[in-house]
Amino acid sequence: MSEESKPVEPVVDETNAELKGKAIAQADPEADEHAESASEEEHEEEHAAEGSSDKKKKKKKKSKRSKVKEALTGSKSAPTDADFHKALDGLTPKEVKEFLALNPALAQEVSKASNSDNPSADQASDMLKKMSLQDIMTGLAAGGKNAKDMGSYKFWQTQPVPKFGEDNNLQEGPLRIQKVEEVDKEPSALIPGFEWVTMDLTKEEEIKEVYELLNKHYVEDDEAMFRFNYSPTILRWAMMPPGWKKEYHVGVRASQSGLLCAFISAIPVHLRVRDNVVTCSEVNFLAIHKKLRGKRLTPVLIKEITRRSNLDGIWQGLYTAGVVLPKPVSTCRYFHRAINWQKLYECGFSPLPANSKPQYQIRKYALPDDTAIKGLRPLQEKDIEAVMDLYHRYNKRFDMTPKMSREEALHWFLPKTGPGEQQAVWTYVVEDENNKITDFFSFFCIESTAIGNSKHNVIKVAYMFYYGTEVGLQDKFDKAALKKRLNDLVHDALIISKRYKFDVFNALTLMDNALFLEQQKFGAGDGQLHYYLFNYRVNPIAGGVDRKNQLDEENLSGIGLVMP
C-alpha cells in the first residue's frame, strides 16, 4: 500500500520536529525572522540549500519540557535512551497523557503492559522507560496520521508481529511455526448481510468493480484533496505478476445488492531479508467502502488473506502503510519533484513558497527537452538478462529486496500492453560502445484524482521504481562517483517523464535515493511509508532519514523494495 503525500513548504519541513513535540513543549513565542534577499530566486535557492532560519539569540535556562522536546526531536547532540528517560521524569501527568495522545500505538502498548485501559501518569511513564528511544521515534514518525489506525491494535496484539519495546538485536526469523493441517479450511463468518467472494481480474466487469471501489474509497491524503486512481491496466500489472493466484484477490459483497464493498489482494514474492530468502505474500490494495469503515472489516480481511496464503504454505507477509502499527521494519519518507508546477499549484498539491511568485517556481522546475546520457534508450526484451544481472548485483547492497526470475523481470520492467491500454512502467538502459548494459532505471505511473477540483481531474504521477549502475559496483566503493551517476540518470528520467506528460515525480528515501533527491529538486512530502513483515522478526533497517526525519545521505537506506 502506498501513501498519499504532498510537498511541504521548506519552513514547515524545517520545524517539523518541533511540531511533532507540540503536545509536550510550547513553540518559541518569538517567530523566526528571515532576512529579505535582493532577489526572490536567490532567496529560494539559499533557503532550500541551508534549510534553516535565523533565530533571535536568547540565552535562557532550558525547561524540563524543552529537554523532553530535544530528547524526542533531536538536537545538536544526539539524545540517548538515558536522556529521554531522565526527561520523562520532569513531565507533568497532563504532559505524559498528551505525549501518548500523539501515538495510539504507543498508548495501546502502554495500556497493555500496565493492564489498565486508563493507566496513571506514573504507570505510563514507567512503561515508556522500558521502551527504547528508537521505538518512541518510530511511533512519532507519521506526524499525527496515526489517529486513523489501520484496524485495531487489539487485533495486532493477537498476531505474530514484533511488539514495541522489544530488543532491537534479536535473532531474525519466523515468530510462529505452523502446519498447513492446522489452517482453517473455510473463512471466518462475516457479519449478516455480507459474503466472501473471489474476484476474477481476467474479467473486465470484475476488474472494473475493483477499480471503482479503489477509485472512490482507497488511500487519500489527510485533507481529502487527492486519492489514488489506479487504472485497470495498472491494477493488472500490480496484482497479476508471474505466480499470481485468483484466490488472493479477495472481496466482500453485500448479499442483497451484490455491491463490492471491500477488497484485499496479495501476490507471492521471494524476499531477501539480509542473508535469508523468505517466501512472502505481498499484501496490497486493502480498500473498504467508506460507509462500512465502522464494521471492523480490516482485521477480518487481513485474517482471510493470511488464511488463504497459509493454505499454500506461505507463512510470512509483507505490507506497507502510512500509519504506525506494531512494529515497522523501516520507515521511509516521500519526496516530490514538480514537473508541471503550474498544474500542481492549481490543484493545491504544491504550495507557493513565501516571498515567491508562480513564474519563479515554473522557471525553477523547468527541464530541457533532450536527455544527456549517451547510449540511453528504452529497454528491449533482448536486454532482460543483462538488466536482471545488474539488478541483483546492485541490490546486494540493500538489506531487504525482492529476488526476480526472468519472467518476473519481464513483467515488472517490460509489461505487454494491448491496444488502447495505458502504459504501466517505463524502463531505460544505457548501452556503452561495447554493447554492454551499464545502467538502467525505471518508473511507473499512478494517477491521483484531484477531489473537487474544478480545473483538473487527475494528476499524472511517476513513481521511482528500480535502478542500477555499474558505478556503484566498483571494487573500491566511490560514493561521490555514484552520486554523480545517479543524478545524471535521474535527471534524464525526469526529462522522459516530462516528455510523457507526467505532472510530478515521486520517490521514497529508500535505496540510494538520498544521493539525488536534493540535487534534482525533490521536495520533502508530508507522507511516510512504513514497511512491515508479518510473522517474521527482523532488526530495524535504515529508511534513508535520520531521527529528525531529514535525508540521511551518510547512512542511506537498507530498503531495496518498491511496492506499486
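Just so it is clear, glycine is given a Cβ too, placed from its N, Cα and C backbone atoms.
Copied over from Swiss-Prot, here are the features:
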type	residues	note
ACT_SITE	P564	active site, proton acceptor
BINDING	Y153, K154, F155, W156, L286, A287, I288, G294, K295, R296, L297, T298	tetradecanoyl-CoA binding site
COMPBIAS	45-54	compositional bias 'Basic and acidic residues'
COMPBIAS	55-67	compositional bias 'Basic residues'
REGION	1-85	region 'Disordered'
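Its Cβ taken as reference, F155 (tetradecanoyl-CoA binding site) is surrounded by 17 other Cβ atoms within 10 Å in the chains shown. A Cα-Cα distance of 27 Å separates K295 (tetradecanoyl-CoA binding site) from P564 (active site, proton acceptor).
Sequence-distant neighbours of L297 (tetradecanoyl-CoA binding site) (same chain, 6+ apart, CB under 8 A from its CB) are V252, A262, I288. The distance from the Cα of F155 (tetradecanoyl-CoA binding site) to the Cα of the residue listed as 'active site, proton acceptor' comes to 26 Å. In the three-state DSSP scheme, the residue listed as 'active site, proton acceptor' falls into the coil class. Cβ-based neighbour count (10 Å, all protein chains) for K295 (tetradecanoyl-CoA binding site) stands at 17. The residue listed as 'active site, proton acceptor' sits 13 Å from L286 (tetradecanoyl-CoA binding site), counting Cα to Cα.
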